[in-house]
Amino acid sequence: MFCFWRTSALAVLLIWGVFVAGSSCTDKNQTTQNNSSSPLTQVNTTVSVQIGTKALLCCFSIPLTKAVLITWIIKLRGLPSCTIAYKVDTKTNETSCLGRNITWASTPDHSPELQISAVTLQHEGTYTCETVTPEGNFEKNYDLQVLVPPEVTYFPEKNRSAVCEAMAGKPAAQISWSPDGDCVTTSESHSNGTVTVRSTCHWEQNNVSDVSCIVSHLTGNQSLSIELSRGGNQSLRPYIPYIIPSIIILIIIGCICLLKISGFRKCKLPKLEATSAIEEDEMQPYASYTEKSNPLYDTVTKVEAFPVSQGEVNGTDCLTLSAIGI
């Protein structure tokens, strides 16, 4: 009779847990194990949470008035296990999980849910909530997997080829192309569990100018369009944003230099003309003085002042020269 009552009470608690569970937590890939020879009821759940988001893990939804002890057993990969426990009768809270960013979602006397405010790769592991009641123990296991969206890059290469890369994703991303080409895909695993996938494709058809790289991942899908190169000049396209500004700057500098040179010439020519005029003016007084003081200038003046005929010159050359005083 006692066993029948205990089994009936256990069934009521199970029905209550199933009815209330959907109101607070959403569990995926859930499997339930129930051994009829033991009052222990166990539920195994796999949960995938994106990195940087909040995770909320729930125990069996059993009224706290029926619970005696609620214990979270946390086993993170690469770290020793720790526990967070709450005794209902004494309302005492005990924890050995300090510094791991794992706490009660609220006060345990209100709700025994566990909260991770910002999920990181270090939070991967198993989380077990064990609820002890007079009717039996209820255990809920979570296998927490952290999702990391990949960083996607893509670029064209020579000879009508293109590269698409999904870096550091968890799990590994899937890369496909449209239209299909001759593709080679490689992957590289990292120490933190992330994977980098790189796909290189080549298209022989000349009528294919644009292709699409499709990256599929649990955190979301991406479709990227790439224009294939048509010749060697396409390899310069990534450098065009740097080449054009450099050419413009060189043109501006050249114009400034030409303006400075032309302005210097205009300023220099008037100075040269003014200098020549000053030198000529300075020479004129000296020439006047020389002309006045030199007897040779007087003689020439006299000869020019008294011209003679041709016959007189022929007959009286010596007399004339003597008379003049030469």
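Backbone N, Cα and C atoms are what each Cβ position is placed from, and that goes for glycine too.
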If you look at what Swiss-Prot says, which of CYS164, CYS201 makes a disulfide link with CYS183?
CYS201
Restricting to the chain of ASN192 (N-linked glycosylation site) and a gap of 6 or more, list residues whose Cβ falls under 8 Å of its Cβ, or answer none.
LEU121
Spatial separation of CYS164 (disulfide bond) from CYS183 (disulfide bond) - C-alpha basis, Å:
11
Please report the number of other Cβ atoms within 10 Å of the Cβ of CYS129 (disulfide bond).
23
Residue from ASN159, ASN207, CYS213 whose C-alpha is spatially nearest that of CYS97 (disulfide bond), among the recorded positions:
CYS213
DSSP helix/strand/coil residue counts for the domain 'Ig-like V-type' (51-136):
3 helix, 37 strand, 46 coil
Mean pLDDT for the topological domain 'Extracellular' (26-238), rounded to an integer?
88
Inter-residue Cα distance where the pair is ASN221 (N-linked glycosylation site) and ASN44 (N-linked glycosylation site), in Å:
29
